[in-house]
Amino acid sequence: MQSWSRVYCSLAKRGHFNRISHGLQGLSAVPLRTYADQPIDADVTVIGSGPGGYVAAIKAAQLGFKTVCVEKNETLGGTCLNVGCIPSKALLNNSHYYHMAHGKDFASRGIEMSEVRLNLDKMMEQKSTAVKALTGGIAHLFKQNKVVHVNGYGKITGKNQVTATKADGGTQVIDTKNILIATGSEVTPFPGIMIDEDTIVSSTGALSLKKVPEKMVVIGAGVIGVELGSVWQRLGADVTAVEFLGHVGGVGIDMEISKNFQRILQKQGFKFKLNTKVTGATKKSDGKIDVSIEAASGGKAEVITCDVLLVCIGRRPFTKNLGLEELGIELDPRGRIPVNTRFQTKIPNIYAIGDVVAGPMLAHKAEDEGIICVEGMAGGAVHIDYNCVPSVIYTHPEVAWVGKSEEQLKEEGIEYKVGKFPFAANSRAKTNADTDGMVKILGQKSTDRVLGAHILGPGAGGMVNEAALALEYGASCEDIARVCHAHPTLSEAFREANLAASFGKSINF
């Protein structure tokens, strides 16, 4: 999300937006947050201002569409920016620094401190400062690109009409040629466990705890569970994650990577109970919570007591009170809006992107869909290869992957070869004393084409983008191995793994 903001700000300062050629109507001059007696006329109305919605709105305006973005919350940016990706990364980053200083890491580097104290209020303040700057950045981009921001709960009240209802009951009608639904997702509730965002919390509450709990239980060891569990474990909590599946890291992660990832997290002090289900939770008179668990296949019950219970069992599409039923748009069995390859619903001028449609619930996937969708409205080509959408877990070390896992290739009967390179053999990782993990490359046996990349280690989230580029343009393992990579860098491990996949041997391992 930050990268888009920087690009747009940079382009705007240089005046590029004014030079974009198009054959459409001029941009809207309606001021932001307008509430008028008369309807607003628009070419495109976007409902939701998360990563998919705000990027789509800006792109639509750049293409010459008169654009309105309706957002129910006071701040722009959706879940990702306000209570998701952005604040969690601030806490992950700062808790990692604290963990390094508080443990033996700094001392081993010759940095000695007599006393290290945690100021949780200050840490939360830094998180909020980052969020505020980025939400304000989107508002600035809307103004710069002449996107009309209407604050209110958007409902589709006709195939060419959206009505926004604000908190005081006032309404604004938007008459529009096209409607783009980008309302995102919400936390999936756990049956029988009531979230109070105090001691029984969702990911939202876990980002704003007032103190470090002595003991925390996390339901779910997927991406969100291990990220937020890591934050509080680093800050001093005794954290146990209970996971129904037999591995950590969620859906799509390569099993070899998952096992190594779990081992590293356990070494840091994170505890796991895999193949285990939560059957209930009871709040006691002393404020503590008894969490009942048993084997996923059934068996003897066990109780774990904690101060904070974090529920992280996933997210579900948010389509509440959108007016879909009245329009005859039915949801699929998983609550998603069915769309075609151009992101059109059964009503051709009503589109949907992001978490409300099929595919991974990722901010960058929503961004891509938003851009491609509005380009399609303007007559452009519409194409997205979901196999090239990367996934990242922002723990330390990071985990990132794109393309197929070994398990998927075996299931699909595709013959493949494997190239691996450990960070322990990478010079930059050695100098940084940060050598856990490896790069694993999967290439097609017959063609050498890259089929998947799986990275566990420092900087994995940045490195995976090189793999995504390779997959998007059909590169071979040899193609990557022959690209000169700067030395000493962590990305040399990526080159070496591709060399091992293509040639059978790496140079430095």
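Including glycine, each Cβ sits where the backbone N, Cα and C put it.
What you see is a predicted model, and the numbers here were worked out from it, not measured in a lab.
For the NAD(+) site that Swiss-Prot gives as Gly220, Ala221, Gly222, Val223, Ile224, Gly225, Val226, Glu227, Val278, Gly314, the extra residue drawn from Glu197, Glu243, Glu256 is Glu243. Among the modified residues Lys104, Lys143, Ser285, Ser502, the residue whose Cα lies closest in space to that of Asp355 (FAD binding site) is Lys143. When the Cα of Lys122 (N6-succinyllysine) is compared against those of the recorded positions Lys273, His487, Ser502, the shortest separation belongs to Lys273. Long-range C-beta contacts of His487 (active site, proton acceptor), restricted to its own chain and to partners at least six residues apart, with a cutoff below 8 Å, comprise Ser427.
Neighbour count (other Cβ atoms within 10 Å of the Cβ, all protein chains): 8 for Ser297 (phosphoserine).
Of the recorded residues, Lys505 (N6-succinyllysine) and Glu74 (FAD binding site) place their C-alpha atoms 55 Å from one another.
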